[in-house]
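Asker: Mind having a look at this structure? Questions to follow.
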Amino acid sequence: MRILGIDPGLARVGYGVIDVEPRKGKQEGSQRMIDCGIIRTDPGRSEGERMVEIARDLRQIIRIHQPELASVEKFFFYRSSNTIAVVQARGVLIMTLARFGLPIVEFPPMQIKQALTGHGHADKDEVLEAVMRELNLDTPPRPDDAADALAVALTGWFQH
């Protein structure tokens, strides 16, 4: 199964693509990274134009990698001037995934941390170490948004 993980944002959307294969008779399986990176939007453009950039680039990623499941980080904001724009960008991401008919699972940050490290209060380094271990990577995936998206993809596999 191919899973696309997404770490939503307006300036940078992290994405990570993994392939997973269940092992017979075991709950866990093997997984490997196919691709990861970011969708970067131009801060000099209007929010609407940036949403178009996000949708366009995500469509291309979906067409190239043909995922069977999308796993998206679900986040909660308290007070931030950027909240509305990020929520709108997340809506564009969800809509684009739905247009491709992809099943979508969503996880809050604590659940992602729990799935990868065994506790919901892990720091970024602990999550990164878990991503590297699970995907058998020698070097950390960069940038951080891409590494976060791989964590989201792995959570989709572990929890789906």
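Note that Cβ sites are derived from N, Cα and C of the backbone, with glycine treated the same way.
According to Swiss-Prot, the active site annotation covers ASP7, GLU73, ASP145, on the basis of sequence analysis. According to Swiss-Prot, the feature Mg(2+) 1 binding site maps to ASP7, ASP145, an assignment based on sequence analysis. According to Swiss-Prot, the Mg(2+) 2 binding site annotation covers GLU73.
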Asker: Cα-Cα, whole number of Å: GLU73 (active site) versus ASP7 (active site)?
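Answerer: Each residue's Cα considered, GLU73 (active site) and ASP7 (active site) end up 6 Å apart.
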Asker: Specify the secondary structure state of GLU73 (active site) as given by DSSP, simplified to three classes.
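Answerer: Once the DSSP labels are grouped into three classes, GLU73 (active site) ends up as strand.
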Asker: Hey, which of the active-site residues ASP7, GLU73 is the loneliest by Cβ count within 10 Å?
Answerer: GLU73
Asker: Could you tell me the C-alpha distance between ASP145 (active site) and ASP7 (active site) in angstrom, no decimals?
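Answerer: Given the Cα positions, ASP145 (active site) is 6 Å from ASP7 (active site).
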